[in-house]
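Taken straight from Swiss-Prot:
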type	residues	note
ACT_SITE	Cys134	active site, nucleophile
BINDING	Ser23, Lys47, Ala48, Asn103, Asn131, Lys171, Ile197, Gly223, Gly249, Gly250, Gly271, Thr272	FMN binding site
BINDING	Lys47, Asn71, Ala72, Ile73, Gly74, Leu75, Asn131, Asn198, Thr199	substrate binding site
Amino acid sequence: MTTNRLQVSLPGLDLKNPIIPASGCFGFGQEYAKYYDLNLLGSIMIKATTLEPRFGNPTPRVAETPAGMLNAIGLQNPGLEVVLAEKLPWLEREYPNLPIIANVAGFSKQEYAAVSHGISKATNVKAIELNISCPNVDHCNHGLLIGQDPDLAYDVVKAAVEASEVPVYVKLTPSVTDIVTVAKAAEDAGASGLTMINTLVGMRFDLKTRKPILANGTGGMSGPAVFPVALKLIRQVAQTTDLPIIGMGGVDSTEAALEMYLAGASAIGVGTANFTNPYACPDIIENLPKVMDKYGISSLEELRQEVKESLR
C-alpha cells in the first residue's frame, strides 16, 4: 500500500515515487551511488548534455548565499558521444529498472534536435528535459535566453519534439515577464510536460577584491531562498495548462515536496539539497508516508487530482 500511494504516472514515466534528483545537482549518478541505492529514487535527471563537449566557465563557479547558492558552471559536460557510450550504459547496467530523464541543452534549434534525437535512442532514457535557459546563436535577440522569447521557445521545442523518440518536458526559466506565455508556447509546440523552475539570476561580491565572487560575474541562484518563487510560478502555470509539471526550486524536505503538489506539481525535483545532504532524496522518500498520514493524504495521485480540480 505504501508503494502504491507514492506512485506517479506521467508521459513516458511510471515512477515508484515522485522524487527525482534535479539535473546539474546529481552528475550522471555515479557520484551518489556510493551513498545509497539509486533504485530508491523515482527517476534521475542527468547532467545537461550538449552535442559537443563543454569545459564550462572559468573558476570560481560556485558561491554560497544565505539559504542557497550561486553557480555558473557553464553546462560542463563530456558531450553526446561520451554520454551515449559511457554514462548511460553505466546507469543501465547498474540500475536497469531506473527510468532516466536526459537533460538536453543547445545553442540552436538544430543542436537541440540533434541531441534530442541521439539521446532518446538510449533504451533507459524515458523522457527528455529540454533546458531552454541557453543563449541562442541563430538570432540577434539582444542577449535573451531561448526560454525568454516565446517564439524562439516554440521553434526549439518543436524541433526537439519532432526529433525525439520519447516525451519532451520543457524546463522553464523564471527570468521572464510572463512565464505563462512561454509555457503555452511549449505546449503548442508539442511538449508533453514542464519542469520548473530553473535558477534565478544573482551575484555576490568579494569585499577584498571589490569584484564579483563568480568569475562569470553572475550565476544561477538556487536553494530554499527560491522556494516561494517556485511555488508561485508553478501555481500560475498550473492554472493555465493541463501539462504535468515536475516542480523544483528549493525543495529540501518532505513538507516542501508536498507543498509543491499543492501548487500544482505532479512530481518533484530536488536540487541544491543534494549538495548539503547527499541523502536528501532518500530521506524525503522515507518520510513521505508518515507526513502524508499526518496531513490526511491517502495517495499522491488523489492529492494531485484534488489540486487539479481546485484549479479549474
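Placement of Cβ uses the backbone N, Cα and C atoms for every residue, glycine included.
Here the C-alpha separation of Gly74 (substrate binding site) and Ser23 (FMN binding site) works out to 13 Å. In the three-state DSSP scheme, Ala72 (substrate binding site) falls into the coil class. Other than the site residues Lys47, Asn71, Ala72, Ile73, Gly74, Leu75, Asn131, Asn198, Thr199, same-chain residues with C-beta atoms no more than 8 angstroms from the centre of those residues' C-beta atoms, the substrate site, are Gly24, Ala48, Ser133, Gly220. It is 13 Å from the Cα atom of Ala72 (substrate binding site) to that of Ala48 (FMN binding site). For the recorded positions Ala48, Ala72, Cys134, Ile197, the ranking by surrounding Cβ atoms (within 10 Å, all protein chains) places Ile197 first. Restricting the recorded positions Ser23, Cys134, Gly249 to those with a CA within 10 Å of the CA of Thr199 (substrate binding site) leaves Gly249, listed by sequence position. Between Cys134 (active site, nucleophile) and Ala48 (FMN binding site), the C-alpha separation comes to 11 Å.
There are 29 other CB atoms within 10 A of the CB of Gly249 (FMN binding site), with all protein chains counted. Using a 10 angstroms CA-CA radius around Lys47 (substrate binding site), the binding-site residues that qualify from Ser23, Ile197, Gly249, Gly271 are Ser23. Look at Gly249 (FMN binding site): DSSP puts it in coil. Long-range Cβ contacts of Asn131 (FMN binding site) within its own chain (separation 6+, distance under 8 Å): Ser23, Ala48, Asn103, Val104, Ala105, Lys171, Asn198. Across Lys47, Asn71, Ala72, Ile73, Gly74, Leu75, Asn131, Asn198, Thr199, which the record gives as binding substrate, the greatest C-alpha separation is 16 Å. The number of other CB atoms found within 10 A of the CB of Thr199 (substrate binding site), across every protein chain shown, is 25. There are 26 other CB atoms within 10 A of the CB of Gly271 (FMN binding site), with all protein chains counted.
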